[in-house]
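Copied from TrEMBL, the annotated features are:
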type	residues	note
DOMAIN	B:9-91	domain 'NAD(P) transhydrogenase alpha subunit C-terminal'
TRANSMEM	B:6-24	transmembrane segment
TRANSMEM	B:36-56	transmembrane segment
TRANSMEM	B:62-83	transmembrane segment
Amino acid sequence: MSTTAALVGLVYLVAATTFVLGLHLMRSPATARRGNLLSAAGMTAAVVASVPLLLDHTSEIGGKVLVGAVVALVAGTVVGGAAGFVSARRVKMTAMPQLVSVFNAVGGGAAALVGAVEFARAVTESRATAGFAVPVVLDVIIGSVTFSGSIIAAGKLQGLVSGAPVSFPGSRALTMLSTVVALGVGVWVVVTPSTWLLVVVVVASLVFGVLMTLPIGGADMPVVISLLNAFTGLAVAMAGFVVDNEIMIIAGALVGASGAILTQQMADAMNRSVLSIMVGGFGTGDAAGDAAAGAGGQQSVRRMDADDVAIQLAYAQKVVVVPGYGLAAAQAQREMGELGSLLASRGITVYYAIHPVAGRMPGHMNVLLAEADVPYTQLKEMDEVNPEFATADVALVVGANDVTNPAARRPGNAISGMPILDVDHARSIVVIKRSLGHGYAGLDNELYTDPKAGMLFADAKKGLTELLAAVKTTVG
Amino acid sequence: MSPELLSNLGLFVLALLVGFEVISKIPATLHTPMMSGANSIHGVVLVGAVLLAGVADSPAGYVLTFLAAAFAAMNVVGGYVVTDRMLGMFRAKAPARPAAAGDGQQTSEVAR
């Protein structure tokens, strides 16, 4: 081992430590930001340290780095870095999940490219052994699937691709075919290394990524993005095996494992298995029957206007707000935060009950509310807040549906067993919602016909604006 | 199996275990920033793009190096900046501030 390689190895060790410590510091909101900066510093060190490693390695094999390659590398880094920087700064917080998905796509794409290019070179130098080809094939398959899958997922969240489960005649057969081709030809590449065969693997994997993501409904996208995030980690680790680089292996495996855990937790909170999400089509086939079973007749709901609700809120002692997807979709987090702080300034105890999958990703609602200056001490997670409902004068549900449906406590419907917020335990309930339309699970919400409940029919932004004005008038 | 491959496999398995352990302790509140933070960590693939540049010697090689570097740099820079922007919004108290939209930009300027 040369001195350069040893020094670079030490820098990699430091970088790996910062990645782990960075994730560790993210356990608490107070230290999370420092954790991210630490991780970014380690990343910068690792990338910079790789330049001498590159020079060392190239001279070792008797070559020299060509000007064209340096230009390509620098230009690529500047263009990509600028694109990432600008989009990260400009994106609206509500559109953040799709941006993460795009970053994930390009990461997977880069990993697949690195693997494929190294393989092509190894083939021309006839040193592509089976042991070398195995990580290449894994890297290329996972990276390509992540690339096309993440782009479709981002498109669905952005509304460029239909959010509804998409399928066409023969789509299942085509999915199967692309799987068989990617895996079958992948094995063939290991046995007889060939660049053209690897290209076939790339194409089949890209097709599979698209077909895998299209039939999945928009509401499941967070789980899919998280899963693809874990995939990218694994692809990067495989690319690390291909180019024999420790930091890529460590960081990739770290992300692969943490992404897998996160995906599992998200799926658990939705009472869905990762497998059934990936099979897709939820909310289309079996939901129709469930809706009929769960309906419980045509019970009437109580309609309220903003002034009624304002009086209830202004004279409450304790208000628990339940924000949901509708709040995120209407981008009403500022109005929500303003209403909350107005109530809090009158000495009313205000909590925000955050269901694990509220919004579009776990924790997304926290980010949105934090953007609107809601102190994170008012944000309570499900287990912490559920006992509070019994002593709450008003539970204010804003654009949340299935996560408040008491039907989840009974067996025999689509959401049975899903952990829910005990909104029905509150002394009174106000629901701001555009219509009585069904949630993602396609069920009637029994909460709305509860005698304690009133409905304020409005889009979350309009409803909260009206409510804010009405509360201000009421309290003078 | 070469000694390098064996030690790389060891690193891979140990890093997987650390990943499982570190993440299982993170509260749901921070899951989105955490996912975004993990997303930026796999931007380490930029190192791979740097290594590609060392052996690229044809126009096709240059184009692929450019693409890999651009993809990876977008992942790593964008990932850290957006994570920092998100985390900059978490605060215990809500201080009064004049321009809410401007603040998001300032926080990300601190990051770079």
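Every residue, even glycine, has its Cβ placed from backbone N, Cα and C.
Automatic, uncurated: that is what TrEMBL annotation is.
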Contacting positions for the transmembrane segment (B:62-83) when only residues 6+ beyond its ends and CB under 8 Å are counted: 33, 36-37, 39-46, 48-50, 52-53, 56, 108, 111-112
Sequence-remote partners of the transmembrane segment (B:36-56) [C-beta within less than 8 Å, at least six residues beyond its ends]: 23, 62, 64-65, 68-69, 71-73, 75-80, 82-83, 86
DSSP-assigned states of the domain 'NAD(P) transhydrogenase alpha subunit C-terminal' (B:9-91) in counts, ordered helix, strand, coil: 71 helix, 0 strand, 12 coil
